[in-house]
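These notes are about the structure you will find just below.
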Amino acid sequence: MVEEGNIEASNKAVEEDNGPKVLYYCFWGPIYWFRMLAMETHWSFVFAVVSTYGISQGLGGALARVGTEYYMKDVQKVQPSESQVYTGITSIPWIVKPIWGLLTDVIPIRGYRRRPYFILSGLLGLVSMLVISLHGKLHLVFALMALTAGSAGVAIADVTVDACVAQNSNKNPSLAADMQSLCSLMSAIGALIGFSISGVFVHLIGPKGVFGLLTIPAALVFSVGIVLLEPHDANFAYKEVSEKFLDAGKAMWRTLKCPEVWRPCLYMYLSFALSLNINEGLFYWYTDSKEGPLFSQETIGYIFSFGAVGALLGAILYQNILKDHPFRDLLFWIQLFYGLAGMLDLILVLRINLKFGIPDSVFVVIGEAVTQMIGRLKWMPLLVLSAKLCPSGIEGTFFALLMSIDNFGLLSSSWGGGLLLHTLNVTRTKFGNLWLAILIRNIFRLSPLGVLFLIPRGDPNSSILPTEMLGGEDETVAEESNNIELVSLVNSVDGR
């Protein structure tokens, strides 16, 4: 008994002694981590990641989403179906991301492969956001052109910083996981902060003022192109550019013809395209409908911030619990729950939640968090599957192509949702058929279950491609020396 008491006392003393150490590590640990990355790579690389992922894509992307929705509704005064289509148009630069990546890898400008593209990206963002924010009454066509140019600037910066991450991962293999964690962490924190403050800024300075604020992220990206440490290549053979483009195209076409590749690609496109996007119709109902909750700008921003938290929880849940489950089984249950989660919108629009005493704000926050969490759970295994479909030598280029297929599916989903809203006559003032649009969308969300046979049964730890397409180590090294491949775009989720 005496010995047990002494042991308990000593353990308690150790725990008390470790308390300040834990607090010390929680505060100073991230700072030391940032310093370590800056010393091992270069401070300009860390600055590029923070500026691009954290401020431009994370915080800026959140501000842009809320600002664009209010800009289309209150300034351009378009119908929900039209806004849905226009949102798809502005995402087109993300569909052609392989082109941006090939340009940064294949065509240096004045001897630099990355810095000029950061400068170009920043200029596109600066000019486009200034045009929208300063013009008194910009025509819709020119507004769409400016928004698309701004989106192109963010997409170019995204691909370019991914190339920097890949280069530094090759130079410092032991830090590869830390670099990916830095990218994901910055994007998540930026989005959470951006959505939290977006509604407040829209209320205080209006959507055009928010676009004016977005010149700050663009200016930071521009400054990355000035300070980034990058070797200068003065003897680049520009005559070989067309040959490298042709070789990359042939390699991708050979890969796409393989059944082990095109079947999952077809599923990925259908799974996104058939999940019709009618978010603009719901947004108009949230804010304009007399029968709806009439949320303020601040409340809309807070709702989206809880969605960002749900997406982060989904990524954590997949990483720690679900990552080793077979693709087909996991996607079956996720797609099923994705369709069922859409019923939360139906309950809200039919006002059933009020009958049970659940306030609209609470119910919408729960629905947004659950939907975004399931959406991220759906996205993560598809990213892993996409990485396994990439043959040796053109991994980055082909992965970018697969991400473009996914983005094209999202574009089809947005335009299909706009067509559905138009067909059911859901307008700025008429929301009588919105419940039917939600029901149809939920049914379409379940339809990809019928083509799950396109997904291989293998688990994430096994190879999918035929042995002859995997290649050997020597072949991979030889291809990498040609410098024609893109980098992995795993962190580009987003998108969007």
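Every residue, even glycine, has its Cβ placed from backbone N, Cα and C.
The annotation transmembrane segment is assigned in TrEMBL to 43-64, 117-134, 140-161, 182-204, 210-229, 266-287, 299-318, 330-350, 356-375, 396-415, 435-455.
At the 8 Å Cβ threshold, with sequence separation of at least 6, the transmembrane segment (182-204) comes into contact with the transmembrane segment (299-318) through 3 or more pairs.
Residues 62, 65-66, 184, 188, 191-192, 195-200, 202, 283, 286-287, 361, 364-365, 368-377, 380-381 of the same chain lie 6+ residues outside the transmembrane segment (299-318) yet bring a C-beta within less than 8 angstroms of a C-beta in it. For the transmembrane segment (435-455), the partner stretch with the most Cβ pairs below 8 Å, chosen from 117-134, 266-287, 356-375, 396-415, is 266-287.
A contact between the transmembrane segment (117-134) and the transmembrane segment (210-229) is present, since 3 or more of their C-beta pairs, 6 or more residues apart, lie under 8 Å. Stretch with the largest number of CB pairs closer than 8 A to the transmembrane segment (396-415), among 43-64, 140-161, 210-229, 266-287, 356-375: 266-287. Distant neighbours of the transmembrane segment (356-375): 286, 292-293, 295, 299, 302-304, 306-311, 313-314, 317, 334, 337-338, 341-342, 344-345, 347-348; these residues of the same chain sit at least 6 beyond its ends, with a Cβ under 8 Å from one of its Cβ atoms.
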